[in-house]
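Over in TrEMBL, the protein carries these features:
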- 12-33: transmembrane segment (TRANSMEM)
- 45-71: transmembrane segment (TRANSMEM)
- 77-102: transmembrane segment (TRANSMEM)
- Cys140-Cys173: disulfide bond (DISULFID)
- Cys141-Cys157: disulfide bond (DISULFID)
- 220-245: transmembrane segment (TRANSMEM)
Amino acid sequence: MTLPSRWLVLNLHVLPLQMISMVMVAVGIYARLMKHAEAAMACLAVDPAILLIVVGILMFLITFCGCIGSLRENICLLQTFSICLTVVFLLQLAAGVLGFVFSDKARGKVSEIINNAVVHYRDDLDLQNLIDYGQKEFSCCGGISYKDWSQNMYFNCTADNPSRERCSVPYSCCLHAADQAVINTMCGQGMQAMNYLEASEFIYTNGCIDKLVNWIHSNLFLLGGIALGLAIPQLVGILLSQILINQIKDQIKLQLYNQQHRADPWY
């Protein structure tokens, strides 16, 4: 394959990722602008919009190096693109291995993230929707149990809590009938004051951490396939960029050789 064909293939590989990164940044910025400033600043660490913006910007910068580097045949940019993809691939590989080897510590980190999300549930609409979706999909409530919602200032069960949601849980914890047309958003009222047996008649009492861990264990092949699907484009990008770099270097060497061995200086 010739040099122009190589950079064309690389660009066709990189451009979709670049478009995806721009869409991610645009969605993240739009989500941030749609929020109230006070609520948006309250929990930046758990804001999905911030995560979209950061990941999108990083993806754009990496793919920009690959795209411009191939178009301009710039070895420096291509090397940067290749190194960044290699680092991302190694980080993903390390995260998977460490998560498997140190499963207890990974579980503790997941618990910390979920508990932090519970605390900031009412501070961020995107986070709230994400938690509600997770609790409904996994049929769970809270981190370890439904009583974890007492960590949230609005759902806290202490006597001095003036909130109307005192001792309650979000509606996404509630058991819903299949034929229920209208969702009762107040169905979790006072559930934390009940014991497990009483509350289990109205809400999910099991926490989301165990449900999430069980789901991961039962879907290892699916997660492995997704990881492989993410890894293959990265490996292809690394391979194509290295091949292109080597071809550019060979072309430079050939030009230098021709300049040094010209018989006719006016040729």
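Here the Cβ of each residue, glycine as well, is placed from N, Cα and C on the backbone.
The model shown is predicted, which means the values in this text are computed figures rather than measured ones.
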Point to revise | Nearest-integer angstrom distance between the alpha carbons (Cα) of Cys140 (disulfide bond) and Cys157 (disulfide bond) | key: 20
Practice item. Between Cys173 (disulfide bond) and Cys141 (disulfide bond), find the distance joining the two CA atoms and give it rounded to the nearest Å. Key: 5
Review point. The transmembrane segment (77-102): which same-chain residues, six or more beyond its ends, come within Cβ distance under 8 Å?
Key: 14, 62-63, 65-66, 68-70, 227, 230-231, 234-235, 237-238, 241-242, 244-245, 248
Review point. Which of Cys157, Cys173 (the disulfide-bonded residues) has the most other Cβ atoms within 10 Å?
Key: Cys173
Review point. Sorted by position, what residues of the same chain at least six away from Cys141 (disulfide bond) have a C-beta under 8 A from it?
Key: Gln135, Trp149, Val169, Pro170, Ser172, Cys173, Ile203, Tyr204, Thr205, Asn206, Gly207, Cys208
Review point. Tell me, how many other CB atoms lie within 10 A of the CB of Cys140 (disulfide bond), whichever protein chain they belong to?
Key: 25
